[in-house]
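I'd like to ask some things about the structure below.
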Amino acid sequence: MEEIPVKIEIKRSTFKKICSLFLPFIVITATASIFTLPVIFYSITQLETANDDTPWANTTVPFEGNNATNCTYSWAEVSGNASKHYHCTAHSYSGMICRDFLSYWKKCVGIDSENNKCIYFNESRGTLIEREKQLEKIIYYLSLDSDCLKAALPFLCQYMFPLLDCTSDVIYTPSREDCIDIKTKTCSQLWKLAVGYGFGSVLPKCQNLNLASATISSEANNESSTSSTSSDLTCRKGFYKADVICLPRCDKFEDSTSKTSEFILKAEVVASIFAMTVSAVVLILSAFSYKTMFVYPSILIIFMTIDCGIVGLLGFMIALDRNKLMCSSKDLLESLKQSTPFCILSGAIFHYVIVNMSFWWLSHVCIFFYQIAFPFHANRTKMLHRNKYIYTIVTAVCLILPLPAVIACLIVDEYGYKINRFPPTFCTSLNKEMWFYSFLLVIDVTVCIGACLLIAVCWILHKKKGLTRGTSTAEKKLILVFFAVIVFSISSLIHTSIYVAKADNKAEAMNEFFKCEALGYVPGNCDEGKHERIIYPYINVIVYTSVNLVPLVTLIYVVKWAWIKKVYKYLYDKIFPKSKRRLQYGSSVKNMITPSLKSVLSVL
């Protein structure tokens, strides 16, 4: 009977040993698994995009018929000019917009389908790449009306990329009849809109085109506009009337309700001022204890604080006059295409600073882990003065690593910094692949590694001397700073993951909303809440709140309790001098004794 407790005790000790051995690995594995979620979400969205059965007409020109016996489009033929002036030199088309239509049109006119070099090139109308870009810009306005898009795009492909047959010395161009019909009937309003936006020199002049047949109806010859007036056009709040269409205003449009937008903007302003102010206080207080704070590895915390202060300063500058700083035009669509210099600069700084802060943090965590896990080697490295080379390399790597992605976003138009929310705030790259690999994935990997190392550090401290009792105050403060950065990083990862995962859906929803409102406001006709449900605006507020944890906890790390005691004693002595305190003490004693004496006398 006496052996049972011994066996139970042995089993308990064995269980504790197993737990102490495997628990750290289980926790680290679970932590690493959590940080794989952003990658999983991104992979799922990529698969959904790849499997999306989007009609090919979204990227190329729709047409009817697929062989030469069913040609439903007309064209004009010009003979004898190509060989005289341009030596009958044909060029190949490498674009996407008109690829399928040009292949179909070649069969219609009888050009050898194997010969890809069949585009007539005229230098006065720009290079083929320039024509492709111009056509891409015009497409947006024409896509506001599906019937107009269906009729106009084949015609514009004929005009931008006319075919050339060197064997017969014939140039195939669009016909005057199609031009007049599209300009005056099918796309009369949108044609005017494109001309008003500066594409008049790009669009063809119908009188300069050749006829497709000998006779043209009187209706086709009449180029006067038959479109209705736009005086009765009413636009929704946040849109403005541009001739015959409603377009979103950059300074008025909101991608969430007015109350929500106001709340988010106020939270952004408060968070920016708080981060900027606290970061400045931390830097000032650190200057008083420069002997301990301005040396490695403590200076890495100062670098993180500077990054937080820069983010706060940028947010405050944007809040001062966000519309003038972020909107390059009254038209929201034009502002999305052409970013302001401040938008580009602030986007580059924001991109660099956040990624740079994650590198500073990871470097400090790695150094702290090295000092706790391998104290002998850490002290030996310090005694041999080798740590200065390590710190130099760490500083150089942390400063250089974020630069390639930022430079790519500044140079490549596709990756450029654009407005991503309305009212405008920090500009980011709208290319979700670029933002995922250069921002989300970098922060995810660095925070995952750092969090696993912190778990290992806490476990080592717990096993050696106890995490609460045996750890110094400085170590506790430092661990608190590390975990504050983890909280901010996790909230940023959640926000960025949702942004990357929903980028295509948001763009599609807003595009559909703009198209719906383009021809006038009809109550209940357009679903303005669709893009609001994609954005999740209150996550922005969580990010703004969590970013303030970093300078706030850093302030706790920098401030010494001895300073607080001195300041408190100084203020107390100033407010309550010693002579006044004696009088107060005497009067309080008197007030305490007098009632007691009266009560005694009354009893006697």
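Just so you know, glycine gets a Cβ as well, placed from its N, Cα and C.
Because TrEMBL annotations are produced automatically, they should be read as predictions rather than curated entries.
Among the features that TrEMBL reports, domain 'FZ' is placed at 83-238. Sequence annotations record features per position, and here TrEMBL assigns transmembrane segment to 21-42, 269-288, 294-320, 359-377, 389-415, 435-457, 478-501, 538-559.
Let's see these features in context: how buried, what's close, how far.
Summarising model confidence by region, the domain 'FZ' (83-238) averages a pLDDT of 69.
Tertiary proximity for the transmembrane segment (389-415) is limited to same-chain residues at least six positions away from its ends with a CB under 8 Å from its CB atoms, namely 296-297, 303, 344, 347-348, 351-352, 355-356, 359-360, 363, 367, 381, 429, 431, 434, 437-439, 442.
Within the chain, the transmembrane segment (435-457) has long-range Cβ neighbours (under 8 A, six or more residues past its boundaries) at 24, 27-28, 31-32, 35, 38-39, 42, 351, 354-355, 358-359, 361-362, 365-366, 368-369, 372-373, 402, 405-406, 408-409, 428-429, 479, 482-483, 485-486, 489-490, 492-493, 496-497, 499-500.
Panel annotation: around the transmembrane segment (478-501), residues 35, 37-38, 41-42, 44-45, 301, 304, 354, 357-358, 361, 364-365, 368, 420, 432, 435-436, 439-440, 443-444, 447, 450-451, 454, 457-458, 471, 536, 539-540, 542-543, 546-547, 549-550, 552-554, 556-557 of the same chain, lying at least six beyond its termini, place a Cβ under 8 Å from a Cβ of the stretch.
Residues 260, 263-264, 267-268, 270-272, 274-275, 278-279, 281-282, 285-286, 289, 293, 301, 304-305, 308-309, 311, 357, 421, 425, 477-478, 480-481, 484-485, 487-488, 491-492, 494-495, 498 of the same chain lie 6+ residues outside the transmembrane segment (538-559) yet bring a C-beta within less than 8 angstroms of a C-beta in it.
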